[in-house]
Amino acid sequence: MNFQAIKSIYIAEMARTKRTIFQSVISPVISTVLYFVVFGAAIGSRITEVDGVSYGAFIVPGLIMLSLMTQSLSNASFGIYFPRFTGTIFEVLSAPVSFFEITIAYVGAAATKSIVVGLIILGTANFFVDLQIQHPVFMALFFILTAVTFALLGFIIGIWADNFEKLQFVPLLIVTPLAFLGGSFYSINMLPEFWQTVTLANPVVYLISGFRWSFYGSADVSLWLSLLMTMIFLAGSLAVIHWIFKTGYRLKP
Amino acid sequence: MAPILSVRQLEKTYEGGFQALKSVSLDIQKGEVFALLGPNGAGKTTLISAICGLVKPTSGTVTVGGFDIQSDFRKARQLIGLVPQEMPTAPFEIVGDSVAFSRGLFGLRPDRSKIDAILKDLTLYEKRTSQIMALSGGMKRRLLVAKALAHEPQILFLDEPTAGVDVELRHDMWRIVGRLRDTGVTIILTTHYIEEAEEMADRVGVINKGEIILVENKTELMRKLGRKVLTLTLAEPLAEIPGSLAEFDLTLSEDKHFLTYAYDTQAERTGITSLMSALAAAGIRFQDLQTDQSSLEDIFVDLVRNGEASGL
Ligand SMILES: Nc1ncnc2c1ncn2[C@@H]1O[C@H](COP(=O)(O)OP(=O)(O)O)[C@@H](O)[C@H]1O
Ligand SMILES: [Mg+2]
């Protein structure tokens, strides 16, 4: 293993975040807090409790998941797309670095950033509502698994995209709606039966449900199903990346 | 001595079916400066990219320092530094960090004294804390060389190091190559400027349409394929070349003061003696004479043209 190379890429990626601290950390935190204020205060005054938890507290896990997913996705996709776009990726591809190491470095950096953002949001939310974390280990597990899985997904998008539109397209048109409709702001039990069934086809439901369970002990779907789906999601992303590197797709003509 | 780089029957067909390399075989010796000469689209960049791991070869093998570039890619790549044809740089990165990054990719710790030495060597030390976008074009090019040298490679690839640069920068690059050669680094450069190959290379390979059509020691090449031109300064202007001299390949300059005669130095008879007699017989006197060796440029143009004529 070329650990030094992993470290170098990781550090360079984190340095990029530092240069763009507003865009990468402060702005997601601000927008999440806005969601929080709008949904929690405006709607929360009408819906007092969901599954025995105040609405304001109920949406916190969903909000954290939402930002974790979108942040991981955009960090990772941009992180690999940018050097492809400028051409500096040649350096990494011609160095004694394996694809596995390249993935660890880029995905690790992207996941780290979104985890930091997620933690800041968690800390901020603590000021507004009464938070309780009943199952901290599972919480950490879902937190990290989601960050890594979506960073992997973002990495794939960053390799697949050959222009900026495509880079924006998938997160905006696919992942954000899935995240919104995945129960970030509501329990799927609140939906009519038909839509409950449809919603179960949305992979994000399982992530949010499992994550929320680790806070309040109540969930839309069973914990183990949530974990299983998360793992399948993760394995799927890894398989695609394995294929990308095996075929040289978009990286090596 | 075993070659430091050995390319065997390397082929590359791009997706879409275009064959950019046709069974290329090439050996490079340690310490030499090798110029790969060829027109645009000949396959120079493809060849370098395949060796450096940026393009997947369709077939064939490449070893670097005895290590196969696929099965032993880490050891092979450790020996290689690459300065690509385009100048890809991350605009917001800091010069010094950028060199440290390159070094890190090759598994080496960011040794400040080494990095500073490389930056000084390429006269970038004053700029070490600047962002890359603040560098001039020439500095960017030098930075790319610095990055390629950051892990102290034994072989340096320079893909068209002087394409589109001004004269000063070109000579700057030549000096850098000269200094590197003195330290024992093997250098493989591509160019379509003959002048450059002539100036820097020990050996020259000519590639055209994906095929290496010739590899030759530079001086040997010039001797072998060189044509010389004899220029006679006439005592009196000549209205036209008399018919008695028609058998010679003569050209009369526009101002009618010079006669030039092209001949092959390798031919059994250069024809100079008979030309002299024929001139005397025609009563043409001259004040001075001078011979010029044809440059690599002429040789190159000849080669490529002949290649085309024979359907290569
Ligand atoms: N990624 C690619 N896909 C398809 N064709 C390519 C690709 N890269 C280069 N080529 C083609 O291969 C040929 C050789 O290109 P290249 O190696 O860049 O030549 P050179 O460096 O000698 O100018 C050209 O005809 C070019 O169009
Ligand atoms: Mg080229």
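Cβ coordinates are placed from backbone N, Cα and C, and glycine is handled just like the others.
Some features that TrEMBL has for this protein:
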DOMAIN    A:19-248  domain 'ABC transmembrane type-2'
TRANSMEM  A:21-43  transmembrane segment
TRANSMEM  A:55-82  transmembrane segment
TRANSMEM  A:115-133  transmembrane segment
TRANSMEM  A:140-161  transmembrane segment
TRANSMEM  A:167-187  transmembrane segment
TRANSMEM  A:194-215  transmembrane segment
TRANSMEM  A:221-245  transmembrane segment
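Under 8 Å from some Cβ of the transmembrane segment (A:167-187) lie the Cβ atoms of residues 39, 43, 50-51, 58-59, 62-63, 65-66, 69-70, 73-74, 77-78, 81, 150, 153-154, 157-158, 161, 199, 202-205, 207-209, 212, 220, all in the same chain and six or more residues away from its ends.
The stretches the transmembrane segment (A:55-82) and the transmembrane segment (A:221-245) do not meet in space: the count of Cβ pairs below 8 angstroms, excluding pairs fewer than 6 apart in sequence, stays at fewer than three.
Most Cβ pairs under 8 A with the transmembrane segment (A:115-133) among the ranges A:21-43, A:140-161, A:194-215, A:221-245 are made by A:21-43.
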